[in-house]
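If you check Swiss-Prot, you get these features:
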| type | residues | note |
| --- | --- | --- |
| ACT_SITE | Cys217 | active site, nucleophile |
| ACT_SITE | His752 | active site, proton acceptor |
| BINDING | Cys24, His26, Cys117, Cys120 | Zn(2+) 1 binding site |
| BINDING | Cys48, Cys51, Cys84, His91 | Zn(2+) 2 binding site |
| BINDING | Cys76, Cys79, His95, His104 | Zn(2+) 3 binding site |
| COMPBIAS | 12-22 | compositional bias 'Polar residues' |
| COMPBIAS | 148-161 | compositional bias 'Basic and acidic residues' |
| COMPBIAS | 411-420 | compositional bias 'Basic residues' |
| COMPBIAS | 449-468 | compositional bias 'Basic residues' |
| COMPBIAS | 478-510 | compositional bias 'Polar residues' |
| DOMAIN | 208-814 | domain 'USP' |
| REGION | 1-27 | region 'Disordered' |
| REGION | 148-200 | region 'Disordered' |
| REGION | 411-510 | region 'Disordered' |
| ZN_FING | 22-143 | zinc finger |
Amino acid sequence: MGKKKVKDRSAGTDSSSETAGPSCTHIRKGTENSVLKKACLNEHWSSCQDCEQDKPEEKQILEDQTDGESPAVWMCLKCGHRGCGRSGNQHAIKHYETPRSEPHCLVLSLDVWSVWCYICDDEVQYSSTGQLAQLITNIRKQVLTAPDKRNASKKSWKEDISVMNSAEQTQDEEKGKKGKQKSSSKQEDSPKSHQSAAAGSSAVVSVRGLSNLGNTCFFNAVVQSLSQTQYLRELLKQIAEEKSSFSITPALSSELDPLQIQLERPGSLTLAMCQLMNEIQETKKGVVTPKELFTQVCKKAPRFKGFQQQDSQELLRYLLDGMRAEEAKRVNSGILEALKSSGKNFEAEQTKKIVKEYEKDGAPKNFVDRVFGGAMSSTVMCKECKTVSLVTEMFLDLSLPVADEAYRKKNQKKAVQHRHSVSDDGDQDTSSLANGNEDMPTGTGSKYQQKKAKKQAKKQAKNQRRQQKQGGKVTLDAITNQSSTDPADSSMQTQTVSVNGSADAQPADTNQEDLSLEKHNEDQDDEEPEQEQAASVNNRFTALSEDQTTEDIAEQVNEDEDEIEQNCAEEEELVEELNTMSLTTPSEGDVENGEDTLEDVKEYTVVNRDPELAFRALASRTAPVKQECSVESCLYQFTEVEHLTENNRLMCVTCTKQQPGYKDGCKKAVYRDALKQMLISDPPVVLTLHLKRFQQVAYSVCKVNRHVQFPQILDLAPFCSLNCTGVKEGETQVLYSLYGIVEHSGTMRSGHYTAYVKSRPSTHNCVQNGTAAASGDAEASKGSWFHISDSSVHPVPEAKVQSSQAYLLFYEKIS
């Protein structure tokens, strides 16, 4: 026993002392010397043993996906298994994930001799004298004595150096020979960082993992895509480094004098964003902590506090609108300071008006609008007089509907069943309530959600008991009418539900109420079937218990009323919270906007346009085939011509003026059938597409899991107006290249956000003008795709990217 204790103690000391950085506690259990000695007899070191067993066709596909480069091999320090890391198969991590009695968590890179722990999700730092170092030294001797492996290792090592950032010096014994070539932090195929950049090209943005600060995957996925938005990075860099000043020269018709503006320091949110972008590019660490930026976002929008799961698209809007508001405030303050310096004194109201005029006449566009800002033109034409009117709206992203035929048919079928389940006296069968909630996502929800659902169930049960006890005083019809207009039901009908894409299940609480009530009744009254409960509801209202006196009933009713008032107050608070979660433009107080908002007053202006050209796009468009679900089909549906009829008819100003008696004072409005279409009139530099996967149907909220196909090169011309700005005359293409994807996997209640980003060289034209190419031969920029899940980064082939369940798509303009 004594020897065993000494042995355990020495092993633990060795494992802890050999780590230079944060100690890994899995070294002793993750290594096995005796097994590795036998495994070292195998001479096939340069290949994955699982890939060797694949069929020749699969191996050829794998080679094509990795551009002919041999994938890095990782050796398990427990059993000697050799698995690939760079390929789509990822046999090394699959070997670790296989259930065993002891963890196989430590792997050794046979290219750069670094050790990785899958449990710690970090590289294991070890000294040159510890037990782990001795084990690795023995393995290296075995590997490098094989001539085929030695040559392959040198070749692979040179290739890896050419695709890394300069950061850390490697631990290869040949570093004296290659000392002039500094390696970036870790091997490109490291299970954690996968730095995707060319060493000689500083313009390529590194890909770093981001720490999860507590259910912040929705935030990390968006930041990863923004970090690869090159034009945004350049503008942020200019704002942070340069002292911004500009002059405003009003129009000739204006009475205002030219004004020289000095801008103050950027806002805290903008600076935090700039700081994070620089850290991702320059840090030597494989994982970056975006705490400062997330803190600033929470200050602008407190709804993101509390470690709840949120919606990525909503976060993106708050982030961009917050920086946009800070820039507007900078310009506003600069104009005010310039007016004060000019020595002219104005009254408060007059000063506001002058500032507005300066902002409207000559103030430059802020960097958010320069990158993401676009414009939509909504065209309406009266069918009677053919008058064409137009209104232009600004946008930062486009929310596209995702059609789900299977869900629609299923919902229609349930609606028919729901109508048949209503009884003659107006009472609804409780089984239909259960059926109506089948479309809700699966999962029990968090403890907080379950507790809230139980409170709602208790409230309904108390309401029902109260109605039963008052049955002797109130008629059945009165009770039925009261229940049909119950405040809880009416509030459920008017609540605005946020489409939080992940497990923030508050939108579904209105439906969870019915499910929880059924479960509550089953637990308490198992002996009574649901059908009997529904059938006996009316009978319970008609009789007054003979064992109770009127005074007893009145006393109980008063007690119940107090409890109900308290529950109603809680319910009103819940309704208030749900209403504040609606997806509105963040100008409600969460974001400190200036006077300007993204959505100005929509006022249609009559234009002199040929009715035949009113609804013509920049390029011809073809209707999508049946059952097609792609970005193009979603855009087609979004920009389709609408017929305004019946209750949606247009109040035509021209027809109203042409009616008899109009000049005599008769100004009765005339409504006509009309046509309406929305087209893009000013395509943005960076096009952000939001696929609306979270939809509300009646009382249920569902996620559309249908795969939406998206192209690497998107031609936006069929969805742009004929008089589109920013397009050269005669051009019939507006091309965009995909570089970022935010994916949502899982259900409404239990989901996770990840990102796919394309690390690519920057284009000079993109930095200068916001566009990357000026010819019709534009093609997708060359680069490498990476899948990022918080701190974990893996290179992936394009085929894996195309199969992702996209929620947000980021395209950059290339023509």
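FYI, residue positions are counted from 1 along the chain as it appears here.
Using N, Cα and C of the backbone, Cβ positions are placed for all residues, glycine too.
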Across all chains shown, how many C-beta atoms besides its own are within 10 angstroms of the C-beta of His95 (Zn(2+) 3 binding site)? 22
Using the Cβ center of Cys76, Cys79, His95, His104 as the Zn(2+) 3 site position, which other residues in that chain lie within 8 Å, going by their Cβ? Leu77, Lys78, Gly80, His81, Gly83, Tyr96, Val107
So of all those recorded positions, Cys48, Cys76, Cys117, Cys120, His752, which one's Cα sits nearest to Cys217 (active site, nucleophile)? His752
Which three-state DSSP class does His91 (Zn(2+) 2 binding site) fall into? helix
May I ask for the distance between His95 (Zn(2+) 3 binding site) and Cys84 (Zn(2+) 2 binding site), taken between their Cα atoms and rounded to an integer number of Å? 10
On the zinc finger (22-143), the mean of the pLDDT values is 74
Once Cys24, His26, Cys117, Cys120 are set aside, which residues in the chain still have Cβ within 8 Å of the Cβ centroid of the Zn(2+) 1 site? Thr25, Ile27, Gly30, Cys105, Leu106, Tyr118, Ile119, Asp122, Val124
Between the binding-site residues Cys24, Cys51, Cys84, Cys117, Cys120, the one whose Cβ has the fewest other Cβ atoms within 10 Å is Cys120
Please identify, from the binding-site residues Cys48, Cys79, the residue with the sparsest Cβ neighbourhood, meaning fewest other Cβ atoms within 10 angstroms. Cys79
What are the non-local neighbours of His91 (Zn(2+) 2 binding site), defined as same-chain residues 6+ apart in sequence with CB under 8 A from its CB? Cys48, Asp50, Cys51, Gly83, Cys84
Once the chains shown are all counted, how many other Cβ atoms turn up within 10 Å of the Cβ of His104 (Zn(2+) 3 binding site)? 20
A correct count of other C-beta atoms within 10 Å of the C-beta of the residue listed as 'active site, nucleophile' gives 24
